[in-house]
Amino acid sequence: MTKSVGIIGWRGMVGSVLLKRMQEENDFSKIIPYFFSTSQSGQDGPIINNILSKNLKDAYNINLLQEMDIIITCQGSSYTEKIYPKLRNNNWQGYWIDAASTLRMEKDATIILDPVNLNVINNALDKGIKTFVGGNCTVSLMLMALGGLFVNNLIDWVFVSTYQAASGAGSRYVIELLKQMGSLYNVVSKDLLDKSYSVLDIEKKVTQESRSKNFPLENFSVPLATSLIPWIDVEMKNGQSREEWKGQAETNKILNLKKKVLIDGTCVRISSIRCHSQSFLIKLNKDISLENIKKIIVNHNQWVDVIPNNMQKTLCNLTPSAVTDTLNIPIGRLRKLNIDDRYLSAFTVGDQLLWGAAEPLRRMLNLLVNI
């Protein structure tokens, strides 16, 4: 029987990417979709396959939600916190698929990334688990790149430095970044065409503008354009940011590892728009040749691609501009460190709105539709 699927939060960045991917893969032909809204119930919904979806449902109407076989939400944590307990307390037996972090670490929830943990997902389904949550964006992208090493139990620990896109913070932050860029350009646009101006004169104007009271800072609170922000999410008692804490906590839950893999690092916001990049220092638990490491990585899933460690291939393939709006997971700069042959460095890039957010949700929906 074709399943009824309630879709909530489809207007945001993750939700919009999800709808786009579902149309590309003809997923709507397999379900009966119902579009919900927290603010515009009764109005027109999205256009799917050139057909306008009419009469949006009220996303706070528990009775309507309970009629769904599956609910997939990209509405955010506050919505999940308000609605999910009410549904479960009313004995709703449907499947809940969620992009928000609220339920990730709950015992009765499974973090989904099926190219990496399909066995964990299937075991959860066999046990009657009905709550499935997308992972943290950097964690999911790391596992898509390093999955072969993880599933073959070759890693002792990982230290990661992230270079995270503005979109990871939300659409308002992307807009603010672009406004910051525009503001800086506007103050020097004429100077850039005047050869009498030195670079230092231009730099001074840019710096002064970024420090001015009129500079757009409502969301980031500090400049990101021409700068970076070495802190993401709230502060933990041990000195980590919560974003850094998620690396170890979520990875071990996703893989359901018996022996915990230690993961730590520093998470940094940069002025990329969609793609997160990550630099890894990996301690292997045995000495494996670099060629075997490459084979293990590339054989893990169809999306990961090992980029040869040379300048030209790296510049062409291992950047946010090359990867944005694709499902590609390039990994490069692979080399053994001079510290010891069991130490490996690597660098990877991935679109945080695709494998980092929407794609695992879409694929989980398809797993449930085919049950």
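Numbers run from 1 along the shown chain.
Note: Cβ is positioned from N, Cα and C throughout, glycine not excepted.
Positions annotated as NADP(+) binding site by Swiss-Prot, on the basis of sequence analysis: Arg11, Gly12, Met13, Val14, Thr38, Ser39, Gln75, Ser167, Gly168, Gln352. Per Swiss-Prot, phosphate binding site is recorded for Arg104, Lys246. If you look up Swiss-Prot, you'll see Cys137 marked as active site, acyl-thioester intermediate, on the strength of sequence analysis. Annotation source Swiss-Prot lists substrate binding site at Gln164, Glu243, Arg269, citing sequence analysis. The active site, proton acceptor annotation in Swiss-Prot covers His276 and is backed by sequence analysis.
Mapped onto this structure are the features recorded in Swiss-Prot.
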{"residue": "Arg11", "record": "NADP(+) binding site", "Cβ within 10 Å": "18"}
{"residue": "Met13", "record": "NADP(+) binding site", "Cβ within 10 Å": "19"}
{"residue": "Thr38", "record": "NADP(+) binding site", "Cβ within 10 Å": "18"}
{"residue": "Gln75", "record": "NADP(+) binding site", "Cβ within 10 Å": "25"}
{"residue": "Arg104", "record": "phosphate binding site", "Cβ within 10 Å": "22"}
{"residue": "Cys137", "record": "active site, acyl-thioester intermediate", "Cβ within 10 Å": "26"}
{"residue": "Gly168", "record": "NADP(+) binding site", "Cβ within 10 Å": "26"}
{"residue": "Glu243", "record": "substrate binding site", "Cβ within 10 Å": "24"}
{"residue": "Lys246", "record": "phosphate binding site", "Cβ within 10 Å": "23"}
{"residue": "Arg269", "record": "substrate binding site", "Cβ within 10 Å": "25"}
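The binding residues for substrate are recorded as Gln164, Glu243, Arg269; their greatest pairwise CA distance is 11 Å.
Within 10 Å of Arg269 (substrate binding site), as judged by C-alpha distances, the recorded positions found are Gly168, His276; the full candidate list was Arg104, Gly168, His276. Neighbours of Gln164 (substrate binding site), defined as other CB atoms within 10 A of its CB across all chains, total 25. His276 (active site, proton acceptor) has a Cβ environment of 29 other Cβ atoms inside 10 Å.
The subset of binding-site residues (Arg11, Met13, Gln75, Arg104) lying with their Cα within 10 Å of the Cα of His276 (active site, proton acceptor) is empty, i.e. none.
Among the recorded positions Arg104, Cys137, Gln164, Glu243, Lys246, the residue whose Cα lies closest in space to that of Met13 (NADP(+) binding site) is Cys137. Calculated from their C-alpha atoms, the gap between Gln164 (substrate binding site) and Thr38 (NADP(+) binding site) amounts to 29 Å. Across the residues annotated as binding NADP(+) (Arg11, Gly12, Met13, Val14, Thr38, Ser39, Gln75, Ser167, Gly168, Gln352), the two Cα atoms farthest apart lie 27 Å from each other.
Here the candidates are the recorded positions Arg11, Thr38, Gln75, Cys137, Gly168. The one whose C-alpha lies nearest to that of Lys246 (phosphate binding site) is Cys137. Inclusion criterion for the recorded positions Arg104, Cys137, Glu243: a C-alpha placed within 10 angstroms of the C-alpha of Gly168 (NADP(+) binding site); this criterion is met by Cys137.
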